[in-house]
Structure formats: C-alpha cells, structure tokens
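Just passing along the structure, written as structure tokens.
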C-alpha cells in the first residue's frame, strides 16, 4: 500500500478531529430492523449483555438499497452491491491491503478477515473507511507522533481504541454467515449475497460468534461415514446409513474399544455360571445328606422309644423282685417282731408293685406350652393355662374332651387357682381374671401387679398372688378382689406359693419364707442352695422345694431342719405334687429334662421315672389318685396306677 493510501486510512479510521466528530453525529442505533421483520431477543449471563436475532423477511433482506446520507461531508459513497439490490455485500475491513499500522492495532485473527459480512440495513457512512468504503474494523483515535499524516500533517505516535465507535459498529445487524453465499460475479471473489436456503436470522455484529457457534445451519461432518459430504447441524438426527467397509468402520467405530471389556465380562459370566453350577451340585449333595441325617434321627428316636419301653419293663421286673423280697420279709416277721411295723410300713412298703404309675391318656388342643394346671374335683374338670393366652376346660370323668376354651388374657397364662365356684387366672399381662365355673364366663378383671403374675393360691377366703419381689393378699368378696396387704422383703421373683391351714410358704431366690396365715407376718426363713426356688410342696412331715439347679431340698416341718437333698433330675424342677395315703406319701417332681420322678417320702428314694413328654414338664396337678402333667410340647397327660 502506498504511503498516501496509508495516511488517508489513518485519517478516516480514527483521526482525533474526525473521530470526535463522528462520535457526536452518529445515531445511537445505527441499524434498526424494518418494522415488518420478525425478531428474537436472547439474554446471556456473561457480562449482562443481550443480543437480538431478527428473522429475515423479504422486506428486510431483499429490498435494501443504498441512499446517500451526508452528501456534504465530502466522503465517497459506499460501494453498492452488484446483485439486483438484494443486500449490501461488504468485505472484512482492510482485506485488500497490508497496512503499516497492523501491528499497532488489536485486530482479529486472519481467518476472521475472510468471513462474509452482509448487513441487514445500510450502515452509516460515518462508520466506514473513506478509502476502502468498508465498515471500520478496529476504530482508533490518534494523537501527535513522529509520522505525519499526508492530509493534515498530524504525527501518529500513540493509538487509542475508539470505544464509542466500536460499540456502535457492534450494534449493526448482519446476516448469519451460514445464510450468505458468494455472488459468483467475475472480478469480485469476496462479494456475498443472502442465501434464501440458508440461516434466516439477522444478528448483531458483536454477537455473531455466539450465534454461529450454535446455528442450526452450521455444516458438520457425518459421525457415521467420514466420506459423507458435510451436513447441517439440524439434520444430525437424520443420520446416513453406513456404506463403508468393515476395516473403515473399525477405524472410526467408538465401540471397538469395548470388545476386550465385553470379552472379559463374558468370560467372567461364564466362570460365574460354572461356579453357580458347582454350588447347585453342593446344595443337592447337602440336601441328600440332610435327608439321610433326618432318617437316622428318626431311627434314633424310635430306638429311644424302644429303650424307654425296655426300661419300663425292667422297672416292672424290679417291682416283682421287690415283691419277692417282701414275702421273704413276711416269713421272718415272727423272728423280728420288734421291726415288724417298720418292715411292713416303711422300707418295703414303698416298693409295692401296685403303685406303678402309667400314662393313661393325653389331652391335645393347646397351640403353645402348658404352664399351669388346676383341678375342680367337684365337677371332675381340669383347667390348663398356656402360652396361646387361653384356658382350656377338660372333662376328666366321662367324655375326656375339651369342654370350652376361655379367652380373655393378652399374655401367657402362668397361674390358676380355685376358690369355691370361682376360677382365678394370672397372666403375663399383669392381670387376674375371675371366672364363674358354673357358667364358664368371665366375671371380673383386676389389674393386680406391675409385672407378670407368676403364681396363685387361696386359703381362708383370701387369694395370694406372687410377682417380682412382692406377694399381694386379696380378700375375696363375691366376684371382687379387695387388696388387703402387700408382703414385701422378698429378694426376687416369687414363683411358688403353697398355703396350709396355718401358714403360707413362698419361694424366691435361695429362700423359702414361712408366713402366719392370719397375721401375715414372716415367722421363719429357710435358706436353700441351687438358685431360685421354682416349686414347693408340703406334706404332713416335710417341706419340699425344687430349684433352678436340678435339686430337691427336704426340711422337717417341725424342726425346720434340712434332712435330705434329692438328686436325679438334670434340669430345673418346675413343679411338685403330693399324693398321700394312710400307708405312704409320694411326691411327684416335674423337670426341664422332660421327665417326671416319683419319690417315696418314707425312705427318700426315687421309685419311678416317667418319660412320655416330648418337651420340658412344667406343671402338675393331682385328683382322686390321678396325676396330670402339662409340658412344653402343648399336651396334658394323665397318669394312674
């Protein structure tokens, strides 16, 4: 470029005087879209800037013509487009010259110089260079310097960006470059016109990059086939079919790298299938072994039953042998007259073979363990309390069936007691329910304790109830219970209560307390060993208690001295019962070890062991020479001689 042209460019692209004048005269909105154009306003968050996109209409994109605005300013007119007045085509600033001040100005990159600029409206001539007739690209203000302008002899030493003019230029509306096409006019390779098939939007010059980066008319490469021609962004969803070869596809296929991973996954899946098959075989083997073990267990149970039968037979034979010994003793009766009474009523009397107890029947009906039994001898009724929260009434005289099921408790039925024609039941729900035996209906419910009611006993028109560290004494008034007194000083659960004509016996942890039945004062304390006392029985001559640690302690009722400790059980002794005859007294014990034992109180030995229950034996009751036993196996068995 000649120096003259350079000087002229410097003058009209930002001289001090000219730039100031241009700033004062240029309108604030140099390009306003036509009134009939469709516009779109888009806000951006960065820099709080906005830009407008105007959809091109025939009135705004194809009928614009140039009309001089300031003919008296002496500037040459802007080159008009040579394409039927459809739009104004302007090349990027200074695209045809290599100006000497290019290194001084902050210009855009080279590839941006070739981008088409087709304005939607004729820009003001004051925003155009008077040499190249293009809109200013980087307007500046110059002050005096070394080099002189050939027009006004001003020196160009310091260059300052003309921000005001630059902002006005940025507000000019242009057509999206994807909506322009080359005119194809000979001699004008850089001329563009509006493409009716391209992007229809007009945008501000300052925001062209944001729009063109997301323009639906931007050409892109086909992701499926590199040999495909470019297609528009909005047509990406309509992808082409893949026609290239297998080798070409492998070069661009994004799933090629997954083949190894899929192969490894398939191998692992195969290994897991093999492992699963092996586990299935192991499970099948274990199931077969379990079946064999079950068969062996059934066989062992059958053998055990047979052994129990053999044991009973042996006991019968032993009784016969004892009878023979008694005959021999009778022959010596004359010679040993001073011990005749002892031989007949003492040692040998306890081995009478006629006193062998056998199981005569079983009551079945409860859905849980049986914890307590009580007999109403007047009507031959047996009451049983269970974990299923019910009380069943059994006929023990004629039908031997369940007459009725009494429901009313919300917890396990732990204790039963009869006074007159009333049945009293204690439960884990801390209540005592009064039942009429004649109608078998509930007549009253009393909230008795703060803890489960473990045991009940009655005497002298009073009801005694045992719970945690407490015994309550109730006066029986019709169907009501009036609290008379609470006996304290107990160290643990009171699980056993027995009342005689003059005394009340209570069992707790390693202690038996004897209370006067009238004054309700403690008159004696028996110390035991073997843990908590679970059961108590009183005979004419002895006090007997069963403990947690498998033992049965015996005291003389008069001297209160311990005379014997009976062993044989291998579990907690839950219950004791007494059958007395003029000739002898027998005590029955029920234990956790599923057995009942018969003890002769004449010589303190076990004369019989009864094994018929399939669970722990928890309750005993006697009536008319019969023994009833309740167990965890939910059954009640009847034993007679």
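Any Cβ shown, glycine's included, is placed from N, Cα and C.
Whatever TrEMBL says is automated annotation, not expert-curated.
In case it helps, TrEMBL gives these features for our protein:
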- 283-310: coiled coil (COILED)
- 24-38: compositional bias 'Low complexity' (COMPBIAS)
- 58-67: compositional bias 'Low complexity' (COMPBIAS)
- 24-103: region 'Disordered' (REGION)
- 363-395: repeat 'WD' (REPEAT)
- 406-445: repeat 'WD' (REPEAT)
- 526-565: repeat 'WD' (REPEAT)
- 566-609: repeat 'WD' (REPEAT)
- 610-641: repeat 'WD' (REPEAT)
With Cβ-Cβ distances below 8 Å as the criterion, list the same-chain residues six or more beyond the ends of the repeat 'WD' (406-445) that contact it, or say none.
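Result: 368, 371-376, 379, 381, 383-387, 389-393, 451-458, 461, 463, 465-467, 476, 479-481.
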With CB pairs under 8 Å as the measure, which of the listed stretches 526-565, 566-609, 610-641 comes out on top against the repeat 'WD' (363-395)?
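The stretch I would name here is 610-641.
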In the predicted model, what is the mean pLDDT computed over the repeat 'WD' (526-565)?
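That stretch averages a pLDDT of 93.
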By DSSP, how many residues in the repeat 'WD' (363-395) are helix, how many strand, and how many coil?
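Its residues fall into 0 helix, 21 strand, 12 coil.
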In the repeat 'WD' (610-641), how many residues does DSSP assign to helix, to strand and to coil?
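Each residue of the repeat 'WD' (610-641) counted once, the result is 0 helix, 20 strand, 12 coil.
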DSSP-wise, what's the residue breakdown of the repeat 'WD' (406-445) into helix, strand and coil?
0 helix, 26 strand, 14 coil
Per DSSP, what is the residue tally for the repeat 'WD' (526-565) in helix, strand and coil?
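Here the numbers are 0 helix, 28 strand, 12 coil.
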